[in-house]
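Trainee: Before we start, here is the structure in question, set down as C-alpha cells.
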Amino acid sequence: MQLPTQQVAVLDAASTDDPQRIEALAADTDYPPETIAGAALALEAEGLVAVTETTTTTVSLTDEGHAYATDGLPEVRLYRAALDAGADDAPVEMGSVIGAAGLDGPQVDIALSNYARKGYGTIDSGALAADPDADPENDPEADALATLTDGDSVDDDAVVDQLASRDLVTVSERTVRSVTLTEAGVTELMAGVEATDEVGELTPELLASGEWADVEFADYNVAADAADHTPGKTHVLRQAAERVTDVLVGMGFQEMAGPHVDADFYINDCLFMPQDHPARNHWDRFALSNPARIDELPDALVERVERAHREGAGDDGDGYHSPWDEDFARALALRGHTTSLTARHLAGLADADVEAPARYFSVEKAYRNDTLDATHLLEFFQIEGWVLADDLSVRDLMGTFREFYSQFGIHDLQFKPTYNPYTEPSFELFGRHPETGELIEIGNSGIFRPEMLDPLDVDGDVMAWGLALERLLMLMTGFEDIRDVHGTLCDVGFLRNAEVVY
C-alpha cells in the first residue's frame, strides 16, 4: 500500500491502546500539528485510524472582571450606597447615591442598567429606590467572579453567559483530537506501507519543467482546523443606517444634515412646543453650560414663532396664552430629536427656500436623558423624514410607511392615534417583534399643524415622522435588548457574527 510520507509517519507513531493527541504526534514526527491533523483525517477516511474529538471550555476573568471581583459589582455597590442613603424607605436623588458608591465613567451606566434587572430597586425620574428584601450577598454573578478568582470552575452556564456579555469573562473553547490505530491500520503496517512524496502546491517551476505531470499532488483537507479571525466590520447599526439611506433615496428623498447642538428655538419653539412643556425641563435634556445660549436668532422668524405661541395661527387661531421668553429659546442643548433639522430646512435656513413638492430625510443621532432599559438609551438614531405637497392626508402617510418598511420585509404595521404639540392628526407606529410576537413602538408621525408651518412661511401640507433605527433593527434581526448592539453592555459576539443582509 502506498501512502504519503506524513500519513505513514502518523501510522508508525499511533497506538492501538493509547490515544495520541495531535500535538504529541507532531512532536514525535517533526511535522507541524496542522499537517498531522490533515494526515490523520485522511487516514480516518481510509479506516486506518480513529480520530476522536473532545471540546474543553475555559472561562477566564478579564481585567474588568478581576477589578469587580475585588471591588464589587457596580450594581451591588450602588445598592449598598442606596441603603445607606435610606432609599429602602423613600426614593433618594440618584446623583448623590452614585457619588457615595464611588462610581464614575462607564461604571455608572453599568450600575444603573443592572440595578433594576437584578431587582435591587427602581429608578424613576432621577430618583432611586432600594428593595430592602434584595440579597446582594448571594448575587450569582458576584459569586461566580469570586469562584473564578479562586481558580475553580463555574457550572451555571447562564451566569457565565451573562458575565461574558458584560465582558467580565472570556469563554474559549478548544477542540482536542486524539488518534488511535485501528485493526485495519495494524494489518496494513504488517503488510508493509510504502511512503510516497506528495506535492502540496503547483509552482511555476513545475509548470515550466513539465514535472507536474509526473508528481502526485496532495488532497486539500477542507475539514482541517483553521485560525479564527475576527476582522473589523461595519457595525450592524451603521449597516442598517446605510440601507435606510439607500431605500429613502430610492423613494425620491433628499438627505439633510444639521447641528447636533442647537438652540431650543429650533429644537422646540419652532415646533410649537410650549416653553412649559415637561420635556423641556433639565431632567429630560442635555443642556450646555459653556456656551449656554446662542448669540443670534432670525428676528423675523422669532417674531412669527412668538406670535404663534401667544395667538395661534390664522383668523381663528388660539395659542397657549402663556409667556414666551426669547432668552429661554436661545438656550443651547443636544437635540432631543432630529426634527430640529426639519424646522431649519422648512424655514429655508439650511438650504434654499423649499417649495412643493419636496421630500427630505436624515438618519442622525438624537440625545435624551432617558432611563436606560431594554428599549431606551441616552443617545439613539432617529430616521427623520417629511414630505411637502398639496392636499396630503393620513392615508398618504400610512402608505409611505408601508412602502418603506416593506423594503425590510416588515409588513405587520399597526397605527395608534396620539397627541403631539406640532402635528394634528398624529399617530404612533407599532411593529411586531419576530421573536416575542409583541408589538413594539417604532415611531411617531403626523401632519404638521398650521401653528408650526405658518411662522416658517411654508405653503402646503407637510407630513412628517421620526422613526427609531434601533427598533427597526430589532424587527430585522430579532434581538430584544437595545443595549446588545451599542453601549457599554453590547454583545460583542452578536456584533462579530451578525449576518450582513442587504
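Any Cβ shown, glycine's included, is placed from N, Cα and C.
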Trainee: Which candidate from T339, T400, T477, T488 does Swiss-Prot annotate alongside Q382, I383, E384, Y422, F448 at the L-phenylalanine binding site?
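Mentor: Swiss-Prot lists Q382, I383, E384, Y422, F448 binding L-phenylalanine, and from T339, T400, T477, T488 it also lists T339.
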Trainee: Would you kindly give the Cα-Cα distance separating E424 (Mg(2+) binding site) and E384 (L-phenylalanine binding site), rounded to the nearest Å?
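Mentor: About 17 Å separates the two Cα atoms.
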Trainee: Tally every other Cβ atom lying within 10 Å of the Cβ atom of Y422 (L-phenylalanine binding site).
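Mentor: A count of 21.
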Trainee: Cα of T339 (L-phenylalanine binding site) to Cα of E424 (Mg(2+) binding site): how many Å, rounded?
Mentor: 16
Trainee: Let me make sure I understand the span of the L-phenylalanine site: among T339, Q382, I383, E384, Y422, F448, what is the greatest distance between any two Cα atoms, in Å?
Mentor: 18
Trainee: What does the structure give for the C-alpha distance between E424 (Mg(2+) binding site) and I383 (L-phenylalanine binding site)? Integer Å is fine.
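Mentor: Between the alpha carbons of E424 (Mg(2+) binding site) and I383 (L-phenylalanine binding site) there are 20 Å.
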Trainee: T339, Q382: which of these binding-site residues has the sparsest Cβ neighbourhood within 10 Å?
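Mentor: If we count Cβ atoms within 10 Å for the binding-site residues T339, Q382, the smallest count is at Q382.
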